[in-house]
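Notes follow once the structure below has been shown.
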């Protein structure tokens, strides 16, 4: 497709970008479409099932599962921002995306990524209080605090994305803006900018440092305290039971943080390599697919609630209690 250009103040303003995506043979494109479509639909189904089970089972009305339901809700939209456009591009020769469409996709993608970073840190704090201060857990993790923490995660994600967009959307793009990616991300857009993007890069780096480093410190500190507490438990059975309550969350943290940190460690340079798209697939497609599976396999309460929901569909809704422990 020919890129549409407008003349404004003697400068050409790009109104469309072209996503290079995964350049392969037509047969491979169809195969990739089938695989990613199945993955997308399964991810939506899994996370929706998690939300419904937590909502319907009174035994799961606890802070840990309250935050898990937010994580599942977030990841349903997280994959929806990326996957539909990617699936269309697998079947179409026209891989263009409008400027407004690209900026909208980028805004919501950054919102969900930043929100997930902070939400995972909040979930780590919840596990810290539950294991290190079990007697005070109901007093500390009240309904009001849980709601405030969840709302704060979303607010921080929205504001961080808004600040980044102010700088990135104002950059000047020229020529044929070929984005070496399958969705609009910050670093590929910086690579195709025709003017000095150092200010936008600095803002992006500072905000990324705040959104990634601070939650990561909270996660590390929380699990260091959790580990120290678990090691002081005299019985092996007690240690195993304590660790099992946070094993699922720790696995998800490692998966999400490791893949995203690898991608954004050298933001502008990383996207010059096609291999980085594979890493991006891990945290935009594979991790959201695996998260519900990990929680179902490693968490006995979730497994029991799933069995109850599946086996007893004909029963009336159970009485719902507050989600305090």
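Counting begins at 1 with the first residue displayed.
Glycine is no exception: its Cβ is also placed from the backbone N, Cα and C atoms.
In TrEMBL, annotation is done automatically, which means it is predicted and not curated.
Residues 277-297 are the range that TrEMBL records as transmembrane segment, among 277-297, 298-318. Ranges compared are 179-204, 205-230, and TrEMBL records transmembrane segment for 205-230. Contact between the transmembrane segment (205-230) and the transmembrane segment (106-125) is present: at least three CB pairs lie under 8 Å, with pairs separated by 6 or more positions in sequence.
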